[in-house]
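Listed features, source TrEMBL:
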- 231-250: transmembrane segment (TRANSMEM)
- 252-382: domain 'SSD' (DOMAIN)
- 257-277: transmembrane segment (TRANSMEM)
- 283-304: transmembrane segment (TRANSMEM)
- 325-348: transmembrane segment (TRANSMEM)
- 354-380: transmembrane segment (TRANSMEM)
- 422-438: transmembrane segment (TRANSMEM)
- 712-732: transmembrane segment (TRANSMEM)
- 739-759: transmembrane segment (TRANSMEM)
- 765-786: transmembrane segment (TRANSMEM)
- 814-834: transmembrane segment (TRANSMEM)
- 840-862: transmembrane segment (TRANSMEM)
Amino acid sequence: MKKIKKSMVSFAIRHYRATLLLVIVATAVFGSFFPKVTIDTDPEHMLPENEPSRLFHNQAKKTFDLSDIVVLGIVNTAHQDGVFNAETLSNVYELAQYAQKLRWPDPDDPATEGGVVGVDVIAPSLVEHIAQAGPGTISFDWLMPGPPTNREEALRVRERILANPMLAGRMASEDGKALCLYLPLTNKRLSYKVYNAMNEKVAALGMADEVHITGLPVAQDAIGVEMFTEMMVASPLAMATIFVLLYFFFRKLSLTVLPMLIATFSVVITMGAMIAAGFEVHIMSSMIPVFLMSIAVVDSIHILSEFFDSYTAEKGREETLRSALDTLFMPMLYTSLTSAAGFISLALTPIPPVQVFGVFVGMGIMVAWLLTILCVPAYVMLLPRSAFNNFGLSVKEEHSNTPLTRLLEATGRFSFRNAKPLLVLLVLLVAVSGWGISRIQINDNPVKWFAEDHPIRKADIALTRHFKGTYPAYLILDGEEQRLLSPEEQANMLQRFTEFSGTMEDEERALGLADRFKRDLAAMPAGMRETPLLDTAVELAGAYIAKADTDGDAYIWEEFESFFNLEKEQRKSFKRPDVLHYVVGLQRQLQEKGLVGKSVSPADVVSKINQEMLDGREQNYRVPELRRAVGECYMQFQQSHRPHDLWHFVTPDYSSACVLFQLSSGDNKVMEAVARFVEGYFQSNPPPVGMRHNWAGLTHINVAWQNQMVQGMLRSFIGSFGIVLLMTVFLFRSVKWGLLCMVPLTATILLIYGFIGLIGKDYDMPVAVLGVLTLGMSVDFAIHFVERSRSIHAVTRSWRLTLTRMFEAPARAISRNVMVISIGFLPLLVSSLVPYRTTSILLSSIMLLSGALSLVAVPAVITVATRWFFPDESVPQTAVADQNNR
């Protein structure tokens, strides 16, 4: 390794122009792939393609023709009639007409068009008004056939909506102050186009109402667009802040530029490699520049700090560079390898975007290390000699007079004199953190990735205030057909068969053939009788049709076959009143518990038709008790203007159903609470038929990948923690030194996550991923401190003297890094995306805490156990002058 180190440093110093040219060319090559970048914010892609929940979700969408939905809400609290005034409803009519026609080339298939599914738009002008036209008859009219021209017509629209339980609380709020249009999409990747187009139309109409557009597809697509615009603002601010801080430390503009260049080269090469490999940029990988910038800058500052502190005109830059790199080469390699291992361990998670993020950040760390080793000496050698006039700590103020060095000396004395109390305090803080960690709640919601003043977040807050729920979740029920009949059911069915036969034109002949049929059915062989009776009856009737002697007999046998087919059809799960009553009970309990705001199922369709077929009174909004009546309700609905709406809730064979639940929040914990309740309901209230249930919808998909992430991150963290420990043990050839390096890491993680639990911050994706950064940063500082301590102690043979020297140049390098990164990334707080704000706060906190623990906890541990760590300690502590007090 020494030979490799010497060769690399010598090449960079002697061939500095060629070195920099190679780096620039490599950066340009990888940068050329940037125009090919594609964005992916689809939450489905957070799961592997073969993940069962993802497969079921997609199958359910096909089975029930479900679409991802953009919600457009109109709120009017100023008008006495709320949104139900002629002007507002005229604009609503115009918006619905416009939305129906929104089409663009489909992102997945540019040869076809995609956009809003016009036939499925839910708006007052595009849904049915179901009313009684007379005893036993129903009329289907458009709820709002045209823009209302006066108050009476506008209030009639409100009356019609609120009279339909499937629309009340879903299309219009119960107070009449808000109204929602639901715009289903052919492809959720078009949601941002729909969002912008509808905003433009609203602006063109000059509406006086509040208009809000939201929905999970909009939030996810908007993140994909805005994460780049946000980074284009926040990243330059962060780099500018880091630049100013570096200039403050080194007072040389030409050298201050260097860490910025290395960070930029590292980011371009890494991101270019990722794009060239065919990976799309997700919200995770969009944060790669932030992570790499911090790590690349850290490496550069270590070398520049050592170079600045050691440089003298007599030594010159080449000798100073060789000395600095000889000292720092191995610690930087160790820290880079351990940091890279921590991130690459994310490949253990079952989430593809997280795997890509981890692997490429790990690769980028090693790229940053290589560029630092090559570019720093090459760049320094490229500068003219005059650039180093009045450069270095030796020509500045005496280091003992600077605020930073005075603070560091005081820190060294404090950690030495109060080692035991400090460690006791740390143990107490860790114990409290353990309690805080137990309070962490796992939760995420893409809409909450936006700041509260963002239009999408404001829309969510406003609509949640008026509606009980706008976040869809789909409960898919697969019922088992009742094919085996009890003896009582068989007797009742055969009695109906006899009565049916008596209604035929040739009654006598029909009754005779019916008696014959029943005798033959009863005389079937045992094996045949054990098969489902209705299947046997249909087959037997078919056989008689084939050998009928006359056309009259054939007609009768065909009618018999139709009768038994109809009996089979009526036994489909979701034509059974008891099954529909079961679904109604589930819906009612969920709403009474406040877990969902609104729900719609096949039972609601049947109940509404039944209500209007009877007398239209509210108490008759219920499922009829007879199977034939249920079947009649389904048939009546298919006479409407939108018969296809039925197939969003039940399959054509009535064996499966879809229950739409509108949740009050897109939070994962809300979806999980609903799922738990449903699971408990099925266990404590078994359905009348065998029934499987599962979930579909983006809200559920978010829960699925969040759970995968938590479990995967835990496995990854445990794995990377073990890997980092093994690497530090291997690098130092010592278990005790390896364990010592893990002290700041372990304490930082426990304290950070304990604090998160105590303040009630949700454990979401950014929080989870930043835990891996803790591994890298905490180990980085600890390894530098330990390695430098060991090398200095090998000379001094005194821990007291070693500590004094450690809190000079080495501690200055660590503290400069801490300040640059912790302050430098605070500008990310200007972002309107909460993940970037979270990254800023946690990154700064991790740097400050891990740096402080490396400078306080590590020396405190060594002080308490000096003889264990340094068996060759030869100078008694009392014999050493207190040089820290000089």
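Numbering starts at 1 and runs along the chain as displayed.
Every residue gets a Cβ built from N, Cα and C, even glycine.
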For the domain 'SSD' (252-382), the number of residues DSSP places in helix, strand and coil: 114 helix, 1 strand, 16 coil
The transmembrane segment (257-277) vs the transmembrane segment (354-380): 3 or more CB pairs under 8 Å: yes
Stretch with greatest number of CB pairs under 8 Å, the transmembrane segment (814-834) reference, 231-250, 354-380, 422-438 candidates: 231-250
Beyond the flanks of the transmembrane segment (840-862) by at least 6 residues, Cβ under 8 Å: 290, 294, 408, 411-412, 414-416, 418-420, 422-423, 426, 740, 743-745, 747-748, 751-752, 766-767, 770, 773-774, 777-778, 781-782, 784-786, 789, 799, 803, 806-807, 811, 814-815, 817-818, 821-823, 825-829, 831, 869-870
Seg_contact(the transmembrane segment (325-348), the transmembrane segment (712-732)) with at least 3 CB pairs under 8 angstroms, min sep 6: yes
Residues of the parent chain within Cβ reach of the transmembrane segment (739-759), under 8 Å, 6 or more residues beyond its termini: 426, 429-430, 432-440, 721, 724-725, 728-729, 732, 767, 771, 774-775, 777-779, 781-783, 786, 842, 845-846, 849-850, 853-854, 857-858, 861-862, 869
Remote residues contacting the transmembrane segment (712-732) - C-beta distance under 8 A, at least 6 residues beyond either end: 334, 337-338, 341-343, 345-351, 354, 358, 738-739, 741-742, 745, 768-769, 771-772, 775, 779, 783, 786-787, 790
